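Each remark here refers to the structure printed beneath this line.
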């Protein structure tokens, strides 16, 4: 049945070639992707970023201070969840690449069927169950891993969809720019919804902690009414659930818009071959492509740097800087700055090239990270650093997704008989970044445990503040510099990219001529 469906889909696509206004009829590439289609495609990127930003900024502090999971076990949850998430990416990518074409396409059905289960599991991540101990750890670990699996079933096909919304590289680059703008806007929404709803609640802290027992924190709260403390903590937990519900509603809405507003286009050169390949064959081909390895290695280091920032910035602002009541607003400024500067970086990479944009964009945050750690606590300075960090975050968001299609085009030219590997390219990039995220969260939370982090304390020991400074400044700066050094080896510059574009255009035109001749011969017979 799958083969019959695939043949029918292929025949349908070939049958459309004589229709007026079809993409094949326009060999000069005049049929550009509409702005509406680009916007609908871009909106599909919001759910992953909204949920990812909320989890990245707030899950650690939620587990530590609201669910009151001890730091060691919180590190296990965060690390295991992200590593599991990383493992599922290449597996989902492989299964997506083996999917047969349907009326919706090959990729969009994954979006449709994963969405309802993803939103339920996301809600349960932010729910504090009525039990404690190992059962609570298992609860968060199961639903965190389940959500990461389901959101992967959404995001990997969506990422691969970049290659199938248009045959024109300029359209794909433009759509990527739209997508990055919406995705960074999604991080603003995630930060705003989670931060502002939760930030309205005054989560109580404990001035003096005498002793803490595993899963059953025993504290002496001086000058703090215990009844008020319990009620306030309960209202904070409710606020987290309300924020999760709002985010889930946006998730579903974005999935509907993506499904209804975007149509997959099966590329002309892909129709020439549908030879089956195993997971290991596809993986071997992809991982032997040197430009891809160099690209993802460079972004692995820079992504790890920004994930360390994301995972620890809220704790740094709350405890080291002392901005307990302002941290959600500072995070919001970071994301707003990133959103507003994505169009600038889109223009910059078009004008000066993508490698140049990498060097300028990602390195721009370094002096401000050093400044915020060396200077005394200053709210105005914190907002200045937030704006500068947003500028660099925008570049870090845009550039990988803008450069991956160039690597895939280069792969297609060097492996003309191998098709359908696009999901593996995207999924393995996401695999490495998520693995880096798991490592960063696990190491940072474990480091805080070793430094003596005190759950719900109003202030932390000096060792904890020093650890947060290392996680916010020293480690990210070193990782960014290593990543930028590796980008020197990346071979696809602007000249090479333009050569690949011309070569692919010639292949597509040749294939269209061949298809047209075959159809004409068949009609004559």
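Using the three backbone atoms N, Cα and C, a Cβ is placed for every residue, glycine included.
What Swiss-Prot annotates here:
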type	residues	note
DISULFID	205-458	disulfide bond
CARBOHYD	216	N-linked glycosylation site
CARBOHYD	225	N-linked glycosylation site
REGION	1-29	region 'Disordered'
TOPO_DOM	1-32	topological domain 'Cytoplasmic'
TOPO_DOM	63-73	topological domain 'Extracellular'
TOPO_DOM	95-106	topological domain 'Cytoplasmic'
TOPO_DOM	127-137	topological domain 'Extracellular'
TOPO_DOM	163-169	topological domain 'Cytoplasmic'
TOPO_DOM	202-226	topological domain 'Extracellular'
TOPO_DOM	261-291	topological domain 'Cytoplasmic'
TOPO_DOM	319-329	topological domain 'Extracellular'
TOPO_DOM	349-352	topological domain 'Cytoplasmic'
TOPO_DOM	415-424	topological domain 'Cytoplasmic'
TOPO_DOM	452-463	topological domain 'Extracellular'
TOPO_DOM	488-525	topological domain 'Cytoplasmic'
TRANSMEM	33-62	transmembrane segment
TRANSMEM	74-94	transmembrane segment
TRANSMEM	107-126	transmembrane segment
TRANSMEM	138-162	transmembrane segment
TRANSMEM	170-201	transmembrane segment
TRANSMEM	227-260	transmembrane segment
TRANSMEM	292-318	transmembrane segment
TRANSMEM	330-348	transmembrane segment
TRANSMEM	353-374	transmembrane segment
TRANSMEM	378-414	transmembrane segment
TRANSMEM	425-451	transmembrane segment
TRANSMEM	464-487	transmembrane segment
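Averaged across the topological domain 'Extracellular' (319-329), the predicted model reaches a pLDDT of 82. Here the listed stretches are 170-201, 292-318, 378-414, and the one with the most C-beta pairs under 8 angstroms to the transmembrane segment (425-451) is 292-318. Touching of the transmembrane segment (227-260) and the transmembrane segment (170-201) is concluded from the presence of at least three CB pairs under 8 A, sequence neighbours closer than 6 excluded. Counting residue by residue with DSSP, the topological domain 'Cytoplasmic' (95-106) contains 3 helix, 0 strand, 9 coil. Sequence-distant contacts of the transmembrane segment (378-414) (same chain, at least 6 residues past either end, Cβ-Cβ under 8 Å): 159, 162-163, 169, 172-173, 176-177, 179-180, 183-184, 269, 285-286, 289, 291-292, 295, 299, 302-303, 306, 309, 317, 321, 323, 326, 330-331, 333-342, 344-346, 349, 354, 357-358, 360-365, 368-369, 371-372, 421-422, 425-426, 429, 492, 496-497, 500-501, 503-504, 507. Touching of the transmembrane segment (330-348) and the transmembrane segment (170-201) is concluded from the presence of at least three CB pairs under 8 A, sequence neighbours closer than 6 excluded. Of the ranges 74-94, 107-126, 170-201, 292-318, the one with the most Cβ pairs under 8 Å to the transmembrane segment (33-62) is 170-201.
Here the topological domain 'Extracellular' (63-73) is broken down by DSSP into helix, strand and coil counts: 7 helix, 0 strand, 4 coil.
Same-chain residues lying 6 or more positions outside the transmembrane segment (107-126) and placing a CB less than 8 Å from one of its CB atoms are 44, 51, 55, 59, 62, 92, 96, 99, 139-140, 143-144, 146-147, 150-151, 153-154, 156-158, 160-161, 164, 240-241, 243-245, 247-248, 251-252, 255, 258-259, 262, 264, 423. The secondary structure of residue 458 (disulfide bond), as reduced to three states from DSSP, is coil rather than helix or strand. Residues 173, 398-399, 402 of the same chain lie 6+ residues outside the topological domain 'Cytoplasmic' (349-352) yet bring a C-beta within less than 8 angstroms of a C-beta in it.
Counted with DSSP, the topological domain 'Cytoplasmic' (163-169) comes out as 3 helix, 0 strand, 4 coil. Shown for the topological domain 'Cytoplasmic' (349-352): DSSP residue counts in helix, strand and coil, namely 4 helix, 0 strand, 0 coil. The Cβ of residue 458 (disulfide bond) has 16 neighbouring Cβ atoms from other residues within 10 Å, across all protein chains displayed.
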